[in-house]
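According to Swiss-Prot, the protein carries these features:
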BINDING   Cys17, Cys101, Cys200  [4Fe-4S] cluster binding site
BINDING   His46, His79, His129, Ser228, Ser229, Asn230, Ser273  dimethylallyl diphosphate binding site
BINDING   His46, His79, His129, Thr170, Ser228, Ser229, Asn230, Ser273  (2E)-4-hydroxy-3-methylbut-2-enyl diphosphate binding site
BINDING   His46, His79, His129, Ser228, Ser229, Asn230, Ser273  isopentenyl diphosphate binding site
ACT_SITE  Glu131  active site, proton donor
Amino acid sequence: MTKSPLTLYLAAPRGFCAGVDRAIKIVEMAIEKWGAPVYVRHEIVHNKFVVDGLRAKGAVFVEELDECPDDRPVIFSAHGVPKAIPAEAERRQMVYVDATCPLVSKVHIEAERHAEHGLQIIMIGHRGHPETIGTMGQLPEGEVLLVETVADVARIAVRDPARLAFVTQTTLSVDDTRDIVAALQARFPQIVGPHKEDICYATTNRQEAVKAVAPKSDALLVVGAPNSSNSRRLVEVAAKAGCSYAQLVQRADDIDWRALDGIATIAVSAGASAPELLVNEVIDAFRARFDVTVEVVETAVEHVEFKVPRVLRQPA
């Protein structure tokens, strides 16, 4: 049977960012240095395939520190943690390694610096996301107000409209955040923002690549986990950019082939915590059903690399 032709636009950049790469290395190096088990508070990154792979090597994933014994190392996830968590680990004299992405740590430092100058912080982020919890937890309760939408801006009650600063979660939609920032600046003209926006380079680059491929594709798939904020934003960006069918898939098994019946073009991207192995699996699934021509659409080249903490670079 002759296969139908299909042009597959492969968005670039896609997949692992420097912060995710570093976090995974931290877990692997910790297991190598201290042996199994090494405990990890929260999924190190939001990807089941990655987490299952590390679990097989000896990582034990827990949600809270009280699930960890005092005598085993614990790693904090790439999303960042409230200040109370390392303080508790120190009180218990635990060995811990902080795998917080350096770009998230930068937001933590910004928030603290503004607070030291007497400013109340407004955080643009998603309620309940570990990164938002971690950033808000750098300061005492009530010092950071959360806004998720433009509508929230009109509702928040601030201490002093002239003494405000804002920070953002690093994995948001660039366009949505721009609208929220504009609403904040309209309501609070004296609000102070970051020197350079907090949305990370990888989030921005992946969204721009999706915008480049979405309008010319009959469908677009984002390889990523349902709990991955940046992956879900890529699906939203694709829909807004004019792609009529944009879906999140964890791997090739999740593809709804009936929904793709009759397509001539498809685009594929991947969230920042999705390994390239899963992207290749998706491409292979299309090759099995179509006569595929792959076209890479590259909108940026990334050379960012973050060092692992010194404790893991020293011999045991």
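Glycine is no exception: its Cβ is also placed from the backbone N, Cα and C atoms.
Not measured: the values here are computed from a predicted model.
All features noted in Swiss-Prot, drawn onto the structure.
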| residue | record | DSSP class |
| --- | --- | --- |
| Cys17 | [4Fe-4S] cluster binding site | coil |
| His46 | dimethylallyl diphosphate binding site | coil |
| His79 | dimethylallyl diphosphate binding site | coil |
| Cys101 | [4Fe-4S] cluster binding site | coil |
| His129 | dimethylallyl diphosphate binding site | coil |
| Thr170 | (2E)-4-hydroxy-3-methylbut-2-enyl diphosphate binding site | coil |
| Cys200 | [4Fe-4S] cluster binding site | coil |
| Ser229 | dimethylallyl diphosphate binding site | helix |
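Taken residue by residue with DSSP, Ser273 (dimethylallyl diphosphate binding site) is part of neither helix nor strand, so it is coil. Ranking the binding-site residues His46, His79, His129, Ser229, Asn230 by the distance of their Cα atoms from the Cα of Cys200 ([4Fe-4S] cluster binding site) places Asn230 first. Neighbouring residues of the recorded dimethylallyl diphosphate site, listed in sequence order and excluding His46, His79, His129, Ser228, Ser229, Asn230, Ser273, comprise Val45, Pro130, Glu131, Thr171, Ala225, Asn227, Ser231, Gly271, Ala272 (Cβ within 8 Å of the Cβ centroid).
The binding-site residues Cys17, Cys101, Cys200 differ in how many other CB atoms lie within 10 Å of their CB, and the one with the most is Cys17.
When the Cα of Ser228 (dimethylallyl diphosphate binding site) is compared against those of the recorded positions Cys17, Cys101, Glu131, the shortest separation belongs to Glu131.
Distance noted between the C-alpha atoms of His129 (dimethylallyl diphosphate binding site) and Cys17 ([4Fe-4S] cluster binding site) is 19 Å. Of all residue pairs in the (2E)-4-hydroxy-3-methylbut-2-enyl diphosphate-binding list (His46, His79, His129, Thr170, Ser228, Ser229, Asn230, Ser273), the one with the greatest Cα separation is 15 Å apart. All protein chains included, Glu131 (active site, proton donor) registers 25 other Cβ atoms within 10 Å of its own Cβ. Using a 10 Å Cβ-Cβ cutoff, Ser228 (dimethylallyl diphosphate binding site) registers 25 neighbours.
On a Cα basis, Thr170 ((2E)-4-hydroxy-3-methylbut-2-enyl diphosphate binding site) lies 10 Å away from Ser229 (dimethylallyl diphosphate binding site). Here Glu131 (active site, proton donor) is compared against the binding-site residues His79, Cys101, Thr170, Asn230, Ser273, and the shortest C-alpha distance is to His79. Ranked by Cα separation from Ser273 (dimethylallyl diphosphate binding site), the binding-site residues Cys17, Cys101, Thr170 are led by Cys17. Within 10 Å of the C-beta of Thr170 ((2E)-4-hydroxy-3-methylbut-2-enyl diphosphate binding site) we count 28 further C-beta atoms, all protein chains included.
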